[in-house]
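Accompanying notes for the structure given below.
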Amino acid sequence: MLEIIDVSRSFGDFRALDQVNLKIESGEFFTLLGPSGCGKTTLLRCIAGFEQIDSGKILLDGRPLTDIAPEKRPIHTVFQSYALFPHMTVAENIAFPLRMAKLDKTEISRRVAEVLEDVRLPDKANHYPDALSGGQKQRIAIARALVNRPRLLLLDEPLSALDAKLREQMQIELINLQQEVGITFIYVTHDQGEALALSHRIAVMNQGNISQIDEPSVIYSYPKNRFVADFIGQCNLIEGRLEGWESGWRFAIPGLDSIPVQNNNEAFSSGQDCALSLRPEKIRLASRLDASPDECLFSGTVHDMLYLGDVTVYIVELGNGLQVEALLANSAPGRTRLFEKGDAVQIAWRHDAGHLVN
Amino acid sequence: MKSEKSLILSKFSASRGNKGVIAAAVLVYLFLYLPLAVVVIFSFNDSRLNAEWVGFTLDWYHKLFNNRDMLQAAGNSVLIACISALMASVLGTLAGMAIHRFRQKWLSALVLGPVAMPDILIGVSLLLMFMLLNVTLGTVSIILAHVSFCIGFVALAVQARMAGMDDSLIEAARDLGASPWQSFRLITLPLLLPGIIAGGLMAFTLSIDDFVITFFTAGVGSSTLPLEIYSMVKIAVTPEVNAVSTLLMLLTLVLILAISRISPQALRN
Ligand SMILES: Nc1ncnc2c1ncn2[C@@H]1O[C@H](COP(=O)(O)OP(=O)(O)OP(=O)(O)O)[C@@H](O)[C@H]1O
Ligand SMILES: [Mg+2]
């Protein structure tokens with residue numbers, strides 16, 4: 001188990017990490033997700049030992065790592081650039097950590113052959129890294145980092161150099177591999193789709209802070225604040241004020257009717273300014289809608305649209321000038337769009353579809 | 001039709017331009033290599049005078065290999081070149097790594113300073129320093145002098161290799177369990193080796209045919225091949241001088257070819 005307690009790290013005046021707290025369980029696939037420059041790599045380098053921490057503690061199985069040199073930590077890294085040694089063959093690359101651990105020759109060659117089998121590249125043992133494709137290099141880099149069975153595997157945007165198709169394939173392989181070996185993975189990415197697809201839990205980072213740590217579905221459905229809601233997937237953020245009535249919580253949108261909302265765990269109090277986050281796919285859209293009692297209904301006009309193949313995104317402008325994004329599947333054959341710019345439409349969503357954030 | 005015609009025209013003018021370039025190149029190469037060719041040719045000339053071709057002979061080479069002073073000077077030169085190249089390789093590698101590590105432009109400018117400085121100035125200042133420090137002039141002082149102007153070349157070749165190397169390789173080595181020394185020995189050094197060898201060979205060629213700086217730092221006791229040739233030429237340019245020059249040229253040529261094969265970028269500076 002890895003514990004990161006109040007870890008801070010500054011470069012000059014710039015706080016790259018600001019009192020970060022994390023607890024990562026053994027065997028977990030944990031992802032650090034955040035925009036460029038938020039401190040993901042810095043945190044990973046602190047864990048690996050390449051970066052000193054200014055304050056706080058990092059504990060691995062209860063043991064502080066602070067004074068342990070990188071080579072003494074049972075933690076291996078898969079670098080974004082792969083960092084395969086160009087003057088060594090694939091087999092020599094993979095044997096490197098075993099050689100450093102002073103294993104005997106027969107054991108080394110047995111384990112190298114085994115792990116090459118695991119990443120399905122047994123015939124590449126005597127190739128040099130230059131002769132491998134991007135995906136193959138990636139697999140070798142992972143094999144090399146895993147062969148000596150570290151307690152923790154750190155992966156810094158390992159798939160960012162691959163094209164979309166290969167990336168998806170590698171994602172599936174990574175999930176399977178992690179399940180097989182049972183080693184804790186800490187995965188860094190700024191791709192929210194990748195994070196949602198791969199992880200057991202995600203920590204969303206913003207400017208050296210952790211905004212939220214949760215399972216993917218919780219992060220997606222119940223973002224804690226505007227930043228998380230906006231960063232993960234497409235999201236409407238509707239500004240307004242929460243009001244408490246005998247009949248229940250209502251959300252007052254300036255220039256529109258107030259609507260019933262959920263106030264989960266009473267997280268917000270009456271009169272508080274906040275935002276309603278609403279996923280586009282939770283909004284119904286038609287030229288005329290019969291709203292059920294547990295839905296709220298608004299009329300507007302189509303302001304813009306974006307054809308994406310499987311779906312079309314409509315931007316609907318409501319009476320007060322508020323623009324709301326809604327999503328319609330193009331499931332009927334040959335259908336690309338239902339509405340044109342300027343069409344009058346109605347939108348509706350269930351009262352529990354939105355989620356309040358601050 | 002029109003475009004086809006203009007295409008032909010442009011091709012034509014291009015080939016005319018090419019002819020001009022080729023002619024200029026031939027002239028330049030003649031200018032560069034004609035004097036050298038003359039030396040080579042006359043080294044095989046069966047006459048004491050460098051005036052007209054008389055006939056082919058290997059006499060001058062035979063004579064050369066019986067000239068004890070010359071042989072001793074040549075041996076001395078090779079020894080000095082080997083030791084200076086070796087020392088410059090070690091120090092230059094360290095300097096090159098430092099330049100890369102600290103990413104300061106002025107560091108690389110400083111290490112190359114002695115190369116750009118007039119030889120005569122360096123010779124005089126080294127002579128002054130040796131006198132001040134009471135270093136006896138001789139083989140040792142020559143070696144020290146040669147090392148000082150060779151370091152820059154090795155440093156530059158090494159720095160070029162470092163710049164082309166992914167920094168995360170070293171971190172990867174440490175990450176996978178290598179101590180700082182192991183990661184240097186197993187990763188950094190093998191990757192720098194072509195640069196070091198190229199720089200070292202460059203240092204060897206510079207050392208073996210240096211005249212000016214050696215002249216100031218040699219003292220009376222020791223001599224090198226260029227010094228020996230100079231003392232012979234003071235009397236007359238004999239075919240024997242041509243012969244030794246030809247051999248020196250051959251050695252330099254081989255080394256330069258070796259460098260360009262091992263590390264093309266080392267020659268670029
Ligand atoms: N050695 C350093 N010196 C100065 N500033 C640094 C250093 N390393 C990182 N930083 C700064 O710290 C901030 C966080 O950097 P970091 O590399 O951790 O970001 P990241 O989240 O990994 O971003 P990306 O997704 O672009 O890789 C950045 O603003 C960066 O400029
Ligand atoms: Mg990064």
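Just so it is clear, glycine is given a Cβ too, placed from its N, Cα and C backbone atoms.
Just so you know, TrEMBL annotations are computer predictions that nobody has curated.
Some features that TrEMBL has for this protein:
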type	residues	note
TRANSMEM	B:21-44	transmembrane segment
DOMAIN	B:74-259	domain 'ABC transmembrane type-1'
TRANSMEM	B:78-99	transmembrane segment
TRANSMEM	B:106-133	transmembrane segment
TRANSMEM	B:139-158	transmembrane segment
TRANSMEM	B:184-205	transmembrane segment
TRANSMEM	B:211-229	transmembrane segment
TRANSMEM	B:241-262	transmembrane segment
In the same chain, which residue numbers or ranges, 6 or more beyond the ends of the transmembrane segment (B:78-99), come under 8 angstroms Cβ to Cβ?
107-108, 111, 139, 142-143, 146-147, 150-159, 161-162, 188, 192, 195-196, 199-201, 203-204, 207-208, 224
With the transmembrane segment (B:106-133) as the reference, find which of B:139-158, B:184-205, B:241-262 contributes the most Cβ pairs under 8 Å.
B:139-158
Please figure out which one of B:139-158, B:184-205, B:241-262 racks up the most CB pairs under 8 Å against the transmembrane segment (B:21-44).
B:241-262
Taking the transmembrane segment (B:241-262) as reference, which of B:139-158, B:184-205, B:211-229 has the most Cβ pairs under 8 angstroms?
B:184-205
Looking only at residues six or more beyond either end of the transmembrane segment (B:184-205), which have a C-beta under 8 A from one in the stretch?
81-82, 84-86, 88-89, 92-93, 96-97, 146, 150, 153-158, 160-162, 165, 169-170, 173, 178, 251-252, 255-256, 258-259, 262-263, 266-267
Sequence-remote contacts (6 or more beyond its ends) of the transmembrane segment (B:139-158), Cβ cut-off under 8 Å?
76, 79-81, 83-85, 87-89, 91-93, 95-97, 99, 108, 111-115, 122-123, 126, 130, 192, 195-196, 198-200, 202-203, 206-207, 210, 213-214, 216-219, 222, 224, 263, 265-266, 269
